[in-house]
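Novice: Positions annotated as transmembrane segment by Swiss-Prot: 2-22, 60-80, 130-150, 173-193, 246-266, 278-298, 374-394, 412-432, 483-503, 525-545.
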Amino acid sequence: MIWVAVVITMLLFILVAKPTGIYLEKAFQGSKKLDKVFGPFEKLIFKITGVKEYNQTWKQYALSLVLLNGFMIVVVYFVFRLQGVLPLNPANIKGMEPTLAFNTAISFMADTNLQHYSGENGLSYLSQLIGITFLMFAAPATTLALVMAFIRGLAGKELGNFFVDFTRALTRVFLPIAFMAALVFVALGVPQTLDGVVTAQTIDGAKQSILRGPVASFVSIKELGNNGGGFFGANSTHPFENPGQMSNILQMMLMMLLPTALPFTYGRMVGNKKQGRILFVSLFMVFLLGFITITTSELNGNPVLNGMGIEHVQGSTEGKEVRFGTVFSSLYATVTTAAETGAVNTMHDTLTPIGGLVPLVNMMLNTVYGGVGAGFVNIIMYAIIAVFISGLMVGRTPEFLGKKIEGKEMKLIAVTILFHPLLILGFSALALSTHLGTEAISNSGFHGLTQVVYEYTSSAANNGSGFEGLADNTPFWNITTGLVMFLGRYFSLITMLAVAASLKEKTVVPETVGTFRTDNSLFGGIFIGTIVIVGALTFFPMLVLGPIAEFLTLK
């Protein structure tokens, strides 16, 4: 029965992807019906804010994005610092420590949601609403806006206006879908209230304080926007965030909704629907491989306990919620790191070595399917690399969407693809070479190394999940992960927007018999091979020293 439920869940991922992709294309490219519904409200916003609807250059678009995001980071930082004296604080929670406020503000603006605090006692209701929930809408709207400009550039069209795209992302995508999802979560038992703590009497007569709050609205945008931060410290393992299997499946669907839809949006916008389908199918195969790997490892149980003759019918159940089981916990871990969300319904630190390797690899690749917008930018980056390598092998100038891929584009892509591992491995080396980093490690040996690398991988990939055995709420970890999140977020977005702008100016080369097609299964295979060879092998030495060595030791 459990496998039937898994297959149905997978089919739901597939079935909603194309319709959502079509909707996104209409929402951003102009639809009379949508303009009639949302247009008046958007015009009012533009009038109040002074936004003028004109086409921007890529530099203007990028500058608008960075300045708006930077302003939001500063505002939310002071909300966190001053929450102790601000209203909507029934639990009398004090203001955040400076480096923690710095880390948290960047974390949520970068769509990472890395949390070095516990939601129950770290934030007031005002901070949860104005700080966290606000950024949970703004962060994915930023990248969804940018990816639309990116695709327009690839299609040879004007990039558009950041503020217009940002507003449309909010009004036409995130607000309506999150609102409907929140209502469903309330129906499934997720609380939604501004009332304070409830004092309950337990069976043995003791008193227990139970925190509640505006959880349903928080969870809906947390998953839809690939944010992932938890209202509670236990994240989606907490019964108030994720009461049962129905809410669990809905959360996974929301996480996958936009990342899986974007290949179809791309196909329609560039006039090559088949290429969009090829990208979707290729990535789904990689996703499926990851799920099979982690599930097999978790169902086989812990090798040490197996050697003692302990029964493991349910597999490795350490750190997992009984109401979800091993299989759905494995699926959730695959989804949350493939879609770069970071929400967890099981503790990733307790996964088996190979089970923990899958989420780590998903974040290192940052492209299967990746987070809202940012992930798709990486997908096209790998697609262009695949075309470039194929062109070199047959002695032809590489072409993508009829545009020649030349030195300028490849230099930008080379810098971008090297920057991600440089952030992860460079900061991991820094942490491991100083007591400020090593004193936070709770496990010695191979697993301790994985804890450190996982933290920086999660930060660079804007995922936010963690091997929570790491004592990371210190100035060193707050500052370094904050820098990694900021750089990992904005560097690749800006450089790839420059690539799209460069391709926009090029003339389309007529297709000939010798043109390498990017809309067939051959390209799909080369695309997957490029992801594995260029992406995964970059991190292979570290994976050998971490989870693979731990697996061999336990075995």
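Keep in mind that glycine also has a Cβ here, set from the backbone N, Cα and C atoms.
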Novice: Residue list, the transmembrane segment (173-193) vs rest of chain: Cβ under 8 Å, 6 or more residues beyond ends.
Specialist: 24, 27, 137, 140-141, 144, 212-217, 219-221, 223-225, 240-244, 246-247, 250, 254, 257-258
Novice: Between the stretches 2-22, 374-394, 412-432, 483-503, which wins on the count of C-beta pairs under 8 angstroms to the transmembrane segment (60-80)?
Specialist: 483-503
Novice: In terms of Cβ proximity under 8 Å, which residues at least six beyond the ends of the transmembrane segment (374-394) contact it?
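Specialist: Distant contacts of the transmembrane segment (374-394): 111, 143, 146-147, 150, 154, 259, 262-263, 266, 279, 283, 339-340, 366-367, 400, 405, 409-410, 413, 416-417, 462, 489, 492-493, 496, 499, 516, 518, 523, 526-527, 529-531, 534-535.
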Novice: Same chain only, please: residues at least 6 beyond the ends of the transmembrane segment (246-266) with a C-beta under 8 Å from a C-beta of the stretch. Say none if there are none.
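Specialist: Residues 5, 9, 12-14, 16-18, 20-25, 140, 144, 147, 151, 154, 173, 177, 181, 184-185, 188-190, 219-220, 223-224, 226, 236, 273, 275-277, 279-280, 283-284, 324, 328, 331-332, 335-336, 338-341, 343, 345, 369-373, 375-376, 379-380 contact the transmembrane segment (246-266) from elsewhere in the chain.
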